[in-house]
């Protein structure tokens, strides 16, 4: 297992290096930083001085090495749009996105597993058919359409929930959170439902398929022949073995919630990283774009490593290997 994890760690480092180079190309060749920082009326001497300060007059390998050094020390440059360090801008927006993604991941995982097991155990009844049909609809609907529909129903027609914003937040050290206020939770409900629905139905369908296969397996028939109770067979044997192959796909799907949050944050005007990324694209704010791409790649790599570790611990074959 240790060899497997070390190999995966080496592959992850190579992926991060490749993404860092792509991020560097975006940072270096997309747009003109002299125009963005100095304006179009700047003199040639001012432009040349800024180019020298940024190191853009040096060979590409030297520029890339300098870029990597800055990234490793958390220096992503100055935002062209707001004229502030990119690290500060991202740190302000990250709590909103991370809280949204974390709550949506919890809802998607728990809801997907519960509904998937329920649908498998009641596959021939109306409950199983209803859940199967609902999961097909949930997988098919685009995220923005789900968000607009929820806003229209619960905010415009029923006036139960807010349609935009994060609600009231409080500061815990340098972290802004809405999870400690009532308006924060109310503002979170619709974005979480929008973001989690697709992942929930995907996990539900996967768990249902794996659960149906497990219930037809030899070890389940042997457990029934021994006289074990149905609850123990379902949750102690079938579900435990079902979750092993589900871990990898579900983990990656949950990890993609931060990237998928772009659409949800745009629909609900959620002040997170997704909205920041869209605004940066519109303003050609290259340092923020490059930093966002690199951070998303880092998040995926970390989640991949965690999923591999959990899978290795859950699968006795990998533990023995």
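Cβ coordinates come from backbone N, Cα and C, glycine included.
Please treat TrEMBL annotations as automatic predictions, because they have not gone through curation.
According to TrEMBL, the feature domain 'ABC transmembrane type-1' maps to 94-311.
What TrEMBL lists as transmembrane segment is 12-30 (among others).
Residues or ranges marked as transmembrane segment in TrEMBL: 100-118 (among others).
Among the features that TrEMBL reports, transmembrane segment is placed at 130-155 (among others). Long-range contacts of the transmembrane segment (130-155) within its own chain (CB-CB distance under 8 A, at least 6 residues past either end) are made by residues 115, 118-119, 122-123, 161-163, 190-191, 193-195, 197-198, 200-202, 204-205, 208, 260, 263-264, 266-268.
The transmembrane segment annotation in TrEMBL covers 175-198 (among others).
Outside the transmembrane segment (242-263) by six or more residues, the chain places 97-98, 100-101, 104-105, 108-109, 112-113, 143-144, 147, 195-196, 198-199, 202-203, 206-207, 210-211, 214, 270, 272-275, 277-278, 296, 299-300, 303-304, 306-307, 310-311, 314-315 with a CB less than 8 A from a CB of the stretch. The transmembrane segment annotation in TrEMBL covers 242-263 (among others).
Listed as Cβ neighbours of the transmembrane segment (289-314) (distance under 8 Å, sequence separation of 6 or more from its ends, same chain) are residues 1, 4-5, 8-9, 12, 15-16, 19-20, 22-24, 26-27, 30, 71, 76-77, 86-87, 90, 243-244, 247-248, 251-252, 254-256, 258-259, 273, 276-277, 280-281. Positions annotated as transmembrane segment by TrEMBL: 289-314 (among others).
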